[in-house]
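Features as listed in TrEMBL:
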- ASP247, ALA248, HIS249, HIS273, SER274, ASP295, LEU296, GLY297, THR368, THR369, THR370, ASP371, PHE375, ARG378: 4-CDP-2-C-methyl-D-erythritol 2-phosphate binding site (BINDING)
- 240-390: domain '2-C-methyl-D-erythritol 2,4-cyclodiphosphate synthase' (DOMAIN)
- 241-396: region '2-C-methyl-D-erythritol 2,4-cyclodiphosphate synthase' (REGION)
- ARG24: site 'Transition state stabilizer' (SITE)
- LYS31: site 'Transition state stabilizer' (SITE)
- HIS273: site 'Transition state stabilizer' (SITE)
- THR369: site 'Transition state stabilizer' (SITE)
Amino acid sequence: MESHHGETVPAVAVIVVAAGSGTRLGRARPKAFVEIAGRSILERSMDAVSGMSETATVVVVVPDALVADARAALAAAGGAPVIVVPGGDTRQKSVAAGIAVLPEGTGIVLVHDAARAFTPSAVFDRVVSTVRSSGNGAIPGLPVTDTIKSVGDDGVVQATVDRSTLVAVQTPQGFPRAHIVEAYARAAGDFTDDAALVREAGHPVAVVPGDARAFKITTADDLERADDLLRRQGMNQTSIRTGLGVDAHAFDVDAELWLAGLHWPGEAGLAGHSDGDVVAHAICDALLGAAGLGDLGSRFGTSAPELAGAHGDVFLRRTRDILAAAGFTVGNVSVQLVGNRPRFAPRKAEADALLSALLGAPVSVSATTTDGLGFAGRGEGLTAIATALVTLTITA
Ligand SMILES: Nc1ccn([C@@H]2O[C@H](COP(=O)(O)OP(=O)(O)OP(=O)(O)O)[C@@H](O)[C@H]2O)c(=O)n1
Ligand SMILES: C[C@](O)(CO)[C@H](O)COP(=O)(O)O
């Protein structure tokens, strides 16, 4: 996919595997079609996919006998069109059926268990952003909290396993398309997750933070847990707030340029008490404003000697921590840089990845000029305008 500024942004596809029978759940219907409080497990999973920050192609893999029903139900639910295909008799075969119908131009593939019906959309975004910035696979995982034992056939404990290197992995699992296509083409044997195949094919896979709500509905107890979660969500109120931040600095030809947290060798710098990084400063103002927690000036005034010459990442980390301490979660940030130089597009992906990692949420920076108008058009300085979305959950 070609972006406004000419750089290539890999298009994302999500394969939702929903073709399992749900033997361990023990219901008459295949598991993904079992309802929780009036909506099927599959429909609830689709909510998380629709909540992703970027639009993805969605492929849903269902039992052969339910393809027509699923097509009708998903079309009736509205939203973007979904490709529905029949699965196989193992999860791996169902994923392979989804891979076979991926459209041309897909660059990043996420595979998600429909059975993880309450996975927050932020987990999908986190996986996409890590695959995009690293060029390798990424899977969500949680630390193992129980003591783990290996046990012999006789039921007697053999050893205590060191859990410090263990992680319980979830979905969505994301990969560059070439890695997962190669891994499935070479698959020898049946594996329980996609990362295992991709590792077998020799590609690295990173673990990113998972989420307790991404638990897999496997047994009847898990259905009860799902009911409880819905009840608790009904009692919690999430407040969504947006904020706007604007910053401008004049060029200083004797200074080094730091912009969007990056060093730009050979470019004129920006004048200021700190390093003048307008992108970082506008983001901080947008975040603080959204949370009603002041602004850059009141939080990090020019009287603070330790902030003289400070780089943008210092302000971003501090702002992130101020919001987290007050209970806010950053949803996403969008920034537009206004000015003639530097040419931003070649380093957009690098800037987005750095800022997203700093804030733990998707950040997208774009750039534009003013057709020669105003101080930016005359090449006297730079402006950045940022918007931020933050959420605050109040538990009743
Ligand atoms: N042949 C299969 C088996 C599993 N899955 C999907 O893979 C995910 C994870 O599998 P699991 O939870 O183990 O589902 P089931 O195989 O249905 O469960 P069981 O082993 O209890 O039968 C589920 O969303 C399931 O629908 C699939 O698409 N095709
Ligand atoms: C893909 C998976 O959900 C990651 O935890 C898991 O491996 C599926 O395993 P199952 O044996 O099919 O339940």
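Cβ coordinates are placed from backbone N, Cα and C, and glycine is handled just like the others.
Feature annotations (TrEMBL) mapped to structure.
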residue	record	CB count, 10 Å
ARG24	site 'Transition state stabilizer'	12
LYS31	site 'Transition state stabilizer'	27
ASP247	4-CDP-2-C-methyl-D-erythritol 2-phosphate binding site	23
HIS249	4-CDP-2-C-methyl-D-erythritol 2-phosphate binding site	21
HIS273	site 'Transition state stabilizer'	15
LEU296	4-CDP-2-C-methyl-D-erythritol 2-phosphate binding site	21
THR368	4-CDP-2-C-methyl-D-erythritol 2-phosphate binding site	14
THR369	site 'Transition state stabilizer'	14
THR370	4-CDP-2-C-methyl-D-erythritol 2-phosphate binding site	14
PHE375	4-CDP-2-C-methyl-D-erythritol 2-phosphate binding site	16
For LEU296 (4-CDP-2-C-methyl-D-erythritol 2-phosphate binding site), which of the listed recorded sites (ARG24, LYS31, HIS273) have their CA atom within 10 A of its CA?
none
Do me a favour and check the Cα-Cα span between THR370 (4-CDP-2-C-methyl-D-erythritol 2-phosphate binding site) and ARG24 (site 'Transition state stabilizer'); whole Å is fine.
61
Recorded positions whose CB lies under 6 angstroms from ligand 1, from ARG24, LYS31, HIS273, THR370:
ARG24, LYS31
What is the total of other Cβ atoms whose distance to the Cβ of SER274 (4-CDP-2-C-methyl-D-erythritol 2-phosphate binding site) is within 10 Å?
22
Closest by Cα to SER274 (4-CDP-2-C-methyl-D-erythritol 2-phosphate binding site), out of the recorded sites ARG24, LYS31, THR369, is THR369
What kind of secondary structure is ARG24 (site 'Transition state stabilizer') part of, going by DSSP in three states?
coil
Look up PHE375 (4-CDP-2-C-methyl-D-erythritol 2-phosphate binding site) in the DSSP assignment and report helix, strand or coil.
helix
Given the model, what does the mean pLDDT over the domain '2-C-methyl-D-erythritol 2,4-cyclodiphosphate synthase' (240-390) come out as?
94
DSSP-derived structure type at THR369 (site 'Transition state stabilizer'), helix or strand or else coil
coil
Taking the Cα atoms as reference points, how far is LYS31 (site 'Transition state stabilizer') from PHE375 (4-CDP-2-C-methyl-D-erythritol 2-phosphate binding site) in Å?
61
Over the residue list ASP247, ALA248, HIS249, HIS273, SER274, ASP295, LEU296, GLY297, THR368, THR369, THR370, ASP371, PHE375, ARG378, recorded for 4-CDP-2-C-methyl-D-erythritol 2-phosphate, what is the maximum interresidue Cα distance in Å?
31
Of the recorded sites ARG24, HIS273, THR369, which one sits closest to ASP247 (4-CDP-2-C-methyl-D-erythritol 2-phosphate binding site) when you measure Cα to Cα?
HIS273
